[in-house]
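Chemist: Can you read through this structure? Questions will come right after.
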Amino acid sequence: MAIATSAQLARALYDNTAESPQELSFRRGDVLRVLQREGAGGLDGWCLCSLHGQQGIVPANRVKLLPAGPAPKPSLCPASPTQPGSSCPTPERGCEEQEVYVIPPPARPCSASGLPARSCSPSSDSIYKVPRGNGMQLTASRDVAEVYDVPPNILRAPSSCPYDSPASFSCPVAPVVPQPPREDEAPYDVPLALKPPAELERDPEWEGGREPGPPLYAAPSNLKRASALLNLYEAPEELLANGESRDADEGIYDVPLLGPEPPSPEPPVASSSTDLDTVAQLPTRSSPPQHRPRLPSTESLSRRPLPALPVSEAPAPSPAPSPAPGRKGSIQDRPLPPPPPCLPGYGGLKPEGDPECREVANDPAGPHNEYEGIPMAEEYDYVHLKGVDTAQGSRPLDKAFPVDPELLERGLAERKEALSPEEPLVLSTGDLQLLHFYAGQCQSHYSALQAAVAALVASTQANQPPCLFVPHGKRVVVAAHRLVFVGDTLGRLAASAALRAQVGAAGTMLAQTLRATVLAVKGAALGYPSDTAVQEMARCVAELAGQALRFTTLLDGLLP
């Protein structure tokens, strides 16, 4: 059977497994060359094809004939025999029949008359077709049998680096002159302030009439142009309008201090006058009052130094150095005042053998706190209402008042007339404000104490059980404790030493009487129905009312 060569191709539609030696095995998608079509040699339903150099019959329903390609047209631009680059050799038909894969012939581009021709056929030894580099021609020294077409490295220099990294670009980089840090450079990152117009006119970069070259780093334009439209930060118009009158180093940002400043060489005696001079010089160093901007927030008020309050008495020994000397006039930074002396009208001194006096006397540094030396258990003994009365015999008690409410009010009125300050104190404005505020509070607290004392006395006269008179006793304790708190706060905040002494002594006596009253109420509740315990409670309550009246009258009398 003669086989007629044909260039017809067919594509496999399904997989096929050979069932006889004359049948071909193929997979779906394989391209077969058709040697004889269906029915040509008396083979109905079979085609004679070749695949991978083998010939055999193939079921006609499992392949699909591909349309034949157009016949190659002759080249319109014949290549010159003198130009080897424009020659396009055509592969022979015999080579086509012996190839394993069917590869379409390469394109045949026409070479322009004025352009150098390029070779359109790949190298005979190359396995894969890869695009050529842009504008790169193969040199004669290059290996012809190279598998991959890889462009040479650009500007590659011989180096011992084991890694193949691209060469650096040849773009020039502007040199950066290293600038040493200035001595007065602040550690905080604060934006620069606007330059005045006078400095902008003298800028050498702008005098030549041309802008300087592009800088290496982008900077906001408002640093060189004092314009409100290009301003990156919101600032008051007064600062922009009066930029020339401000200091060069003065900014609109509030930067906190880094640490303590060196102590002033001036003696501590002249601290008050120095602070007053500093306060007087503040308006002269700052901008005019009509152009001063508002504070950014109320938080800045706490960072501004407060002036020291004038003290007419002899100066006390200088305390330990404050961590921030710039705020030595602040109320929060002043040390606590010394303990107030015991005045004749409010009680005598403690005996020599008292452990608290010995502890204060042995301290070489002197008393630093008015609460030092007071044991914590004794200080809050009246709150816990438990334990044995340990402080009952420490101080002699005054004569007890009668239990009758009328006699009690009459005695309180007599004491109020007797307690009038002999000499009015010269107080500062701050002390007067404190007195006005706390004197009004003491009036309301004393009224609540009077109502609670009257209810407690009426309950004891009716011989009521502890479940009824103990709540009245608690009301008495709470009202008196508020008065003690007022005295303690006023004694710490007042600037006058005489005022602190008087208020502190009266508050101390009131606190001791309150502690004795708490213990008496507790004893009356535990010893009910003992008449002795009830009488002791009534006596302590009357004494507490007298001390509260004494304290309230003292604050009223100190007011002008």
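The backbone N, Cα and C atoms fix where each Cβ goes, and this holds for glycine too.
Annotation comment: Swiss-Prot describes 198-210, 351-361 as compositional bias 'Basic and acidic residues'. Marked as compositional bias 'Pro residues' by Swiss-Prot: 259-268. The compositional bias 'Low complexity' feature in Swiss-Prot is assigned to 305-315. Annotation comment: Swiss-Prot describes 5-68 as domain 'SH3', evidence class sequence analysis. According to Swiss-Prot, the feature phosphotyrosine maps to TYR253, an assignment based on experimental evidence. What Swiss-Prot records for 176-219, 241-372 is region 'Disordered'. Among the features that Swiss-Prot reports, region 'Divergent helix-loop-helix motif' is placed at 437-487. The motif 'SH3-binding' annotation in Swiss-Prot covers 304-310, 334-340.
Tell me about the surroundings of these features in the structure.
Modeler: Summarised by DSSP class, the composition of the region 'Divergent helix-loop-helix motif' (437-487) is 47 helix, 0 strand, 4 coil.
When pLDDT values are averaged over the motif 'SH3-binding' (304-310), the model yields 51.
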Chemist: Where DSSP helix means H, G or I and strand means E or B, what are the helix, strand and coil counts for the domain 'SH3' (5-68)?
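Modeler: For that range the per-state counts are 3 helix, 28 strand, 33 coil.
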